[in-house]
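Taken straight from Swiss-Prot:
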COMPBIAS  13-24  compositional bias 'Basic and acidic residues'
COMPBIAS  37-48  compositional bias 'Basic and acidic residues'
COMPBIAS  76-85  compositional bias 'Polar residues'
REGION    1-85  region 'Disordered'
REPEAT    247-280  repeat 'TPR 1'
REPEAT    292-325  repeat 'TPR 2'
ZN_FING   108-142  zinc finger
Amino acid sequence: MTTTSVCPFSKAARPDDGSTRKQGEITASGCPFSKAARPDDASARKQGETTASGCPFSKSARPDENGSKGCPEQEGNLNKDSTDSATVPAKCPFGYDSQTFKLGPFSCMLCQALLYESSRCVPCTHVFCKVCLTRFKDCPLCGADIESIEVDENLQKMVDQFIEGHARIKRSVVNGTEKEEVENDNKKVIYADVSMERGSFLVQQAMRAFSAQNYESAKSRLAMCTEDIRDQLGREGNTPELCSQLGAVLGMLGDCSRAMGDSSSAVKHFEESVEFLMKLPLNDLEITHTLSVSLNKIGDLKYYDEDLQAARSYYDRALNVRRDAMKHHPNAPSQILDVAVSLAKVADIDRTLQNEVAATDGFKEGMRLLESLKLDSEDSALEQRRLSVLEFLKKQVETDAETAL
């Protein structure tokens, strides 16, 4: 049995959870604001969905304004009735074909997120994010030599205006010398071919940028999310939903900082994530998983800084959180696996600290848990993970036995 995402900030809060020091700690993908369907799922598109009238950006919501469903440069070139199996259909780089989600007019073709630090190739004038473009010597779209790169401030202003007007949970309208807050919490973002909750949209853009290693872009979008959620907390108080959302977004910010090599900022974000998640009742598997992952990631960073006592403290806290969750959900296989992984982390630190007895006990306890775990045949992914962690634990016990001889 696998756990399904129920918390509004489920396991998506950790886009690089598989990168932790030990293998076997894996989270499933999903949006932290999981009320919306996956934006890149073709089945989530609604027929006849149009942008709201009166928006200054509405005319540019579709480059093919006349109703064409294909890329203008490719229209008419593809014979859908062709039976030639050797012919590979051309793909529009902007996604205007039936097989992929559409990229909006303010998106970077490379990271597929909203443009950040918009930069234009010279002389071909194609526009991408600065970080994405600097990896190429030729234009990724047309192949022309890049003689120089120019900042496109006007386009970036339009992107920023779109975000402020449409993607933020709230926006402010200047009224004389005062700022009047206009609430838009229940309105959705309609961009390209999807309609999403406002918070979900920014998190989606951050996750796309993170996957493309455009960490500055991801960090910028997540910072907006934290600002908006903090504002909501100020108005509505520490509700479980908002605390879980903020805890997960802060964890994602920690991942960005860690990927950028800023371990001190990463620890700060993870610790703040833990602070908010600890305010929630720990009877929800998604909340306890996110909390334990944040604690483990702080432990990893302390371990890399060679602060072994601090690392063990955080690993042990994560283990205790997972033990409590296993007591409340004794029939959740993923929770048992998480406990075994935490036991391995703590035992490994104990061995490094030359506490061999505690280390061996930890490895053996993890082995007993995994050997007694019975999975259904459809849980192939969990079974693979169980075998991987079990093999690691057995090797550690064998090493201890050889050392004792």
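Note: Cβ is positioned from N, Cα and C throughout, glycine not excepted.
Packing against the zinc finger (108-142) from elsewhere in the chain are residues 93-94, 148-153, 155-156, 159, 162-163, 205-206, 208-209, 211-218, 220-221: each is 6 or more residues past its ends and has a CB under 8 Å from a CB in it. Look at the zinc finger (108-142): DSSP puts its residues at 4 helix, 10 strand, 21 coil. As a summary of secondary structure, the repeat 'TPR 2' (292-325) carries 31 helix, 0 strand, 3 coil according to DSSP.
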